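Visitor: Here it is, the structure, as structure tokens.
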Amino acid sequence: MGVDGSIEPIDESKLARCANGDEMEGVKFPKDTLAYKFQSNPENLSENEMREAIVAAFRVWTSVTTIGFLEVSRGEEADVTFDFSTITQTDDGMGPKVVQTINSGNGKIIVFNSDTKWINATPEENSTKTFDLRFAALHAIGHELGFDHSPYSRSVMYPIFLQKRSSLNYEQRDLDEFDVENAKKFYGSMYETVEE
């Protein structure tokens, strides 16, 4: 709030964001099942807490796509590997980059910035110094399914991470109408009704 009690506009250029470019070429995921694995976990979350947050994000996407998700062991090949390591920050006038996707010879690596304090947020969470891993994973998995950044701030694919808070409590975000419409375009058979 401003000194006079007015609500000041949010300067989005200072907010955390996805490091992936805004102009990507959304391509539908080519397989029926996306295999994933975990390379590491953040210092402040246990492996179980990390897994719980990311699996919860996968569950949201399974409600609107026909893609299945399968965890494989670290030694196996995967379409996506989740890793926590430092993301190089650039002096581009934009906020800190907290998640990015890297292409590797054996699939893609979703990197969550290890310099960020990740949490598995609950409605009671009220810290502005932490980031919800479930929401960041929801966004990053969306990219793997072919969804580009959205111009709509309510979309989980919006590149700026606007963590909604009500009375300083965290509000868990899910797919917006824009996200569901995109899912229908890419994975329409999920929504087709069978005529008898």
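Backbone N, Cα and C define each Cβ position, glycine as well.
Summarising the annotation, TrEMBL assigns domain 'Peptidase metallopeptidase' to 25-189. What TrEMBL records for Asp79 is Ca(2+) 2 binding site. What TrEMBL records for Asp91 is Zn(2+) 1 binding site. The Ca(2+) 3 binding site feature in TrEMBL is assigned to Asp92, Gly93. Feature annotation from TrEMBL assigns Zn(2+) 2 binding site to His139, His143, His149, Met157.
Let's see these features in context: how buried, what's close, how far.
Guide: Mapped onto three states, the DSSP output places Asp79 (Ca(2+) 2 binding site) in coil. Of all the Cβ atoms in the protein chains shown, 19 others lie within 10 Å of the Cβ of Asp79 (Ca(2+) 2 binding site).
His143 (Zn(2+) 2 binding site) falls within a helical segment according to DSSP.
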Visitor: Which one of the binding-site residues (His139, His149) has its C-beta surrounded by the most other C-beta atoms within 10 angstroms?
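Guide: Buried the deepest by this measure is His139.
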Visitor: If you skip the near sequence neighbours and keep only those at least six away, which residues in the chain come within under 8 angstroms of Met157 (Zn(2+) 2 binding site), Cβ to Cβ?
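Guide: His139, Gly142, His143, Phe147, Asp148, His149, Ser150, Phe178, Asp179, Asn182 - these are the non-local Cβ neighbours of Met157 (Zn(2+) 2 binding site), listed in sequence order.
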Visitor: Which whole number is the mean pLDDT over the domain 'Peptidase metallopeptidase' (25-189)?
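Guide: Mean pLDDT, the domain 'Peptidase metallopeptidase' (25-189): 83.
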Visitor: Taking the Cβ of His143 (Zn(2+) 2 binding site) as the centre, how many other Cβ atoms fall within a 10 Å radius?
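Guide: For His143 (Zn(2+) 2 binding site), the 10 Å Cβ neighbour count is 21.
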